[in-house]
Amino acid sequence: MLDQQLHRARMVSSVAATVISLACGTNYVYSAWAPQFADKLNLTTTESNLIGAAGNLGMYSMGVPIGLFVDNRGPRPAVAAGALLLGLGYYPFRASYENAAGSVPLLCFFSYLTGLGGCMAFQAAVKTSALNWPHHRGTATAFPLAAFGLSAFFFSQVGSLFFPGDTSAFLTVLAAGTFALIFTGFCFLKVYPHTPAYHAVPNGGSGSDTQRLRRTSSSEDGKARGARRFPDVEPGMSTPTTYTTPATSTQAQTDAEATGPSSPSASAQLRDQTDVESARPPSDEAPDSDVDETSSLMSKSSSLPGDVLVQSSVDMDRSHRVDIRGWRLLSNVDFWQLFTIMGILAGIGLMTINNIGHNVNALWRRFDDSVPESFLVQRQQMHVSILSIGSFGGRLLSGVGSDFLVKVVGASRAWCLVAASLVFCIAQLFALNVSNPHYLGFVSGLSGLGYGFLFGVFPSIVAETFGIHGLSQNWGFMTLSPVISGNIFNLFYGAVFDSHIIVSPDGDRSCYDGIDCYRNAYFVTLGACGLGLIVTLSTIRHQYVARLREAGKGAAED
């Protein structure tokens, strides 16, 4: 009966996490209202892109500190803070639009708050789902990830259905809707801890897949019980207990000699213990006694949500055997290769995501200058929806496709990045040639598909390359890359578009050159696609050679 109640409570919490995530991806709906906002305030395209880039900065630049905050304080404070930041961030945009006035630096600050709020609430929602379903983590986190991808589609559809052509009302929906959705989810979001089952370790296990457990000392046991007496510690927060990666066979043998041989009776006693810690850390990590204030930020405990599991054997997939994080990550060649790929491809996608509204306006004003403003708003929202659906489909395809590549074909998941590069290349070719606005959907759809392909498979690649135990930290470092490239591509697009702007006597700014308003920007991104494809292929080659060398070294040791 208790298990059924816990299962039901976890389901409710997962639904709450999905609802919260639906409100966190609103940065991608920026292009649905940015052109009208810029026209009302007489902003240049570059200034408009600065505001959009500030939102991306808030979303991507704070991944590492927010991850540490969620790990230390639990998910709920981050969700509450995210709701407040999104509401406070969007409301000033509505006020500025109504008053037709606003400071660009101040608007950039509020845009940054919207990105930061979305990042905080989203990370907390994903962590809660992972903690609640540790044995079904992939499925559990798929729902909030998918909801995040569909966020732009959801809000653009709400705007087009209930407030067609009304930018002021749409900004009100963003301010009130994001706060209401996240606050509603906050009321039901909770981590329900699992009691892990500990199993006997077979005698004589000499392979590297053996994991031995030792009884904690009386002092350690007392510390652990003391930690549980603190009333402020809730599930999902870091505790004094440290879980580390499993030891190798040699280290396991050393532990066995120190603690005595394993036996069925000893294993039974271990199962009765409530405080158990895993085997000693790998030899390439310093012991806990040597940890200083700096290295504690690069915690050796698992930073991956829900990764606190002790099992009779270890999944010997590479992601469980390696653990590269912190300063070691920055000296790793694979990191910089993947960082470059992420920067190039994500920057290309963000340029179209943030500027598809300007593309719509430029093509329609050349194609049919008589269309009303409300029609342009609806077309912008339609293309934002297409982008969002494309991103959602790309995430699903890359997830299923990467598993197929690894398990059936025996190939690297990085081939999905090759697919993303090719999709982006095709999207840039369409952007360079589509002058009829009726066919602009090819640009938005393919850009969303490539962006989804990229972000759908990249976390798995990071986990396989650097280890699953430091995924939160490593992914936070990786998402710094779009901050740099996204700003560069967006500002370049703004400069190109502004060079074709005609300012009327009453101050209105418009471009009537159609595709020529932005074509040069897509020549640059097409070249970047080619560069990204080359770097991706070289990365696949480098990893293939490294795996062969690693396999050869393992065979020689055997």
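Every residue gets a Cβ built from N, Cα and C, even glycine.
All annotation found in TrEMBL is predicted automatically rather than curated by experts.
The range from 46-66, 382-402 that TrEMBL describes as transmembrane segment is residues 382-402. Remark: the transmembrane segment (169-189) contacts the transmembrane segment (77-93), by the rule of 3 or more CB pairs under 8 A. The transmembrane segment (382-402) shares the most Cβ pairs under 8 Å with 142-163, out of the stretches 99-122, 142-163, 335-357, 414-433. Taking Cβ pairs closer than 8 Å, the transmembrane segment (99-122) reaches residues 20-21, 23-27, 40-41, 43, 47, 50-52, 54-60, 62-63, 66, 69-70, 78-79, 81-86, 88-90, 92-93, 144, 148, 178, 182 in its own chain, all 6 or more past its ends. Remark: the transmembrane segment (12-30) makes no contact with the transmembrane segment (439-463), by the rule of 3 or more CB pairs under 8 A. Most Cβ pairs under 8 Å with the transmembrane segment (335-357) belong to 439-463, among the candidate stretches 414-433, 439-463, 521-540.
Tertiary neighbourhood of the transmembrane segment (521-540): same-chain residues 334, 337-338, 340-341, 344-345, 347-348, 351, 412, 414-415, 417-418, 421-422, 424-425, 428-429, 431-432, 489, 492-493, 496-497, selected by CB-CB distance under 8 Å and a gap of 6+ residues from either end.
Within its own chain, the transmembrane segment (439-463) is flanked in space by residues 149, 304, 319, 338, 342, 345-346, 348-350, 352-353, 356, 359-360, 363, 383-384, 386-399, 401-402, 413-414, 416-417, 419-421, 423-424, 426-427, 430-431, 471, 474-475, 478, which lie at least six positions past its ends and keep a Cβ under 8 Å from the stretch.
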